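Asks: This is the structure I want to talk about, given as structure tokens.
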Amino acid sequence: MKNKLIKTQFVIMLLIILGKVIGFLRESILASKYGTGYEVDVYGYSINILLFLATIGYSVTTILIPIFTELKEKKSKSYQIKISNNLISVYIVVGAFISIFSIIFSKYIVNIFAPGFEGEILDLACKLVMIINTSIITILVQSVISGILQAYEKFYEAAAMALAGNIIVVLYLLLSVDKFGIIGFSVIIVISYFIQLLINIPSFRKLGFRFKFSLKNIDDKTKEIIKLSFPVLASTCIMQFSTLVNIFFGSLIGTGSISIYNYANRIINLGIEIFSIGISMAIYPILSKMSFEEEKSKFNKSLEEALVLMVVLILPIIVLLIVLRSDVVKILYERNEFTSESTIQTSKLLLLLIPTMLASGIRDLLSKACYSLKEVNLPMKASILTIIMLILFNGLLYKKFGAMSLGISSSIATILGTLIIFIVLKRKYSFIKIKIRKSLIKVIIICLLIGGMIHYIREYLLTFLSNGFMETLLIVFICGTIGLIIYILLIYIFNVKELEIIKNKEKL
């Protein structure tokens, strides 16, 4: 059982990392072709509109995992098929409505969220919104199927989707973008989401599920699932809305601000998605089971261990990114239209966004704990307050600090929003007694020491290495390798107990 679990988590992590690597190759090629020009601003705006709408699917997946975990034990397969057909049918209708609405009112959508777009830029944005938003039907159907598969402990498909989609997009950028441009790119995005849906279907059918469109037999369980998804939807939708808030203010700052923000934010999201998704995927069903069985002390211990593990994994990456941020941006993006000045601006904004990496990961874990306790309103309320703070700080800072205000505002709002969930969760549920462990203090001290050491190693290497691409890649490799090796050795020497969770994953 232990070996099977370790193998499963290793494969999931490998697929996620490969998907993100290919995703960054996509962004690198895009940066090379368009730099920080208006085309990338428009694409960034359009894709974030879709991601905002796609939170509907995320909420469905989040709710379905614990519900279908229960249904597969208590109900017949025919009943499960009925529920899945009901949900897929409902979300096909919802997706079709959103797609048609986006086509008819694309100009109004763009004017609301990007009032700084005018003329040619406005026209291009409208076209991309109309094309890309047709993907919402595919995303919603895939979300239902993915939630059911994960309830049946079929995780590979969910982990492989981004990899498959990004491969399709990269092939287009390498072979056809010069011919069909950014419009063709948006069409490929639609195709890539359809490919992601297809990946899930074989396993879905293998479990015995067959789809038949039906809106006539919507029972109470289907209504319950849809009802439960609304608070989760509100929470995730509001947090995705934070990106649109930054895009709104970015469009007011000037050309290039949105693309700089998107490039920096994608680096941050890489860390969040690799580590946060892996830990959350492991802990969510366990917390749900402990909550159902009222094992309060085990619930608290598992949540506490998961939070410390999050810090143990993410904090060294944060320290390395702080020291090597300009080198990382240069390796990923700097070529052709993406100039050295673009690298400087992106790395500055990246530094300001780095605090959101850890804060967002912790917030996601705390939200999963809330959902396990059927406390769906707390994450939603915290998300609303986070957005209010983001709007307030952006409104106060964007004229003075320009694009950098997007990073400052995001970090402050995300940290405060995470603290709100943490404080209220502890006060409302007395059995949650998360404390600052000694191991956490050890990790912080170790990371500070490594950060200083890596800084001096980098400065030393720069004395005899030039500023070229291969030299920069070598610097990042040497500094990163030395930093991570010493980090692992020190946490072994100082007996950071959370390493046992990594070595024996079934303890999570």
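Glycine residues also receive a Cβ, built from the backbone N, Cα and C atoms like all the rest.
Since the structure is predicted, the reported quantities are computational estimates derived from the model, not experimental observations.
Take a look at what TrEMBL says about it:
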type: TRANSMEM; residues: 47-68; note: transmembrane segment
type: TRANSMEM; residues: 88-110; note: transmembrane segment
type: TRANSMEM; residues: 130-149; note: transmembrane segment
type: TRANSMEM; residues: 156-175; note: transmembrane segment
type: TRANSMEM; residues: 181-204; note: transmembrane segment
type: TRANSMEM; residues: 267-287; note: transmembrane segment
type: TRANSMEM; residues: 307-326; note: transmembrane segment
type: TRANSMEM; residues: 378-397; note: transmembrane segment
type: TRANSMEM; residues: 403-425; note: transmembrane segment
type: TRANSMEM; residues: 440-457; note: transmembrane segment
type: TRANSMEM; residues: 469-494; note: transmembrane segment
Asks: Using a Cβ cut-off of under 8 Å, list the residues of the same chain at least 6 residues beyond the transmembrane segment (403-425) that approach it.
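Replies: Same-chain contacts beyond the flanks: 242, 246, 249-250, 253, 256-257, 260-261, 264, 345, 348-356, 359-360, 362-363, 366-367, 369-370, 375, 378-379, 382-383, 385-387, 389-390, 393-394, 397, 432, 434.
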Asks: What residues elsewhere in the chain lie close to the transmembrane segment (378-397), defined as a C-beta under 8 angstroms and at least 6 residues from its ends?
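Replies: Contacts of the transmembrane segment (378-397) (Cβ under 8 Å, skipping residues fewer than 6 from its ends): 231-232, 234-236, 238-239, 241-242, 245-246, 249, 363, 366-367, 370-371, 405-406, 408-410, 412-414, 416-418, 420-421, 424-425, 428.
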Asks: Pairs 6 or more apart in sequence, C-beta under 8 angstroms, 3 or more of them: is that satisfied by the transmembrane segment (307-326) and the transmembrane segment (130-149)?
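Replies: Between the transmembrane segment (307-326) and the transmembrane segment (130-149), contact is absent.
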Asks: Residues sitting near the transmembrane segment (469-494): Cβ under 8 Å, six or more positions beyond its termini, same chain?
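Replies: For the transmembrane segment (469-494), the far contacts come to 312, 316, 319-320, 323-324, 327-328, 330-331, 334-335, 442-443, 446-447, 449-450, 453-454, 457-458, 461-462.
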Asks: So which residues does the transmembrane segment (130-149) touch in its own chain, when a touch means Cβ under 8 Å and the partner is 6 or more beyond its ends?
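Replies: That would be 46-47, 49-50, 53-54, 56-58, 60-65, 68, 80, 84, 87-88, 91-92, 94-96, 98-99, 102-103, 106, 155, 157-158, 161, 183, 186-187, 189-190, 193-194, 196-197, 200-201, 203-204, 207, 209.
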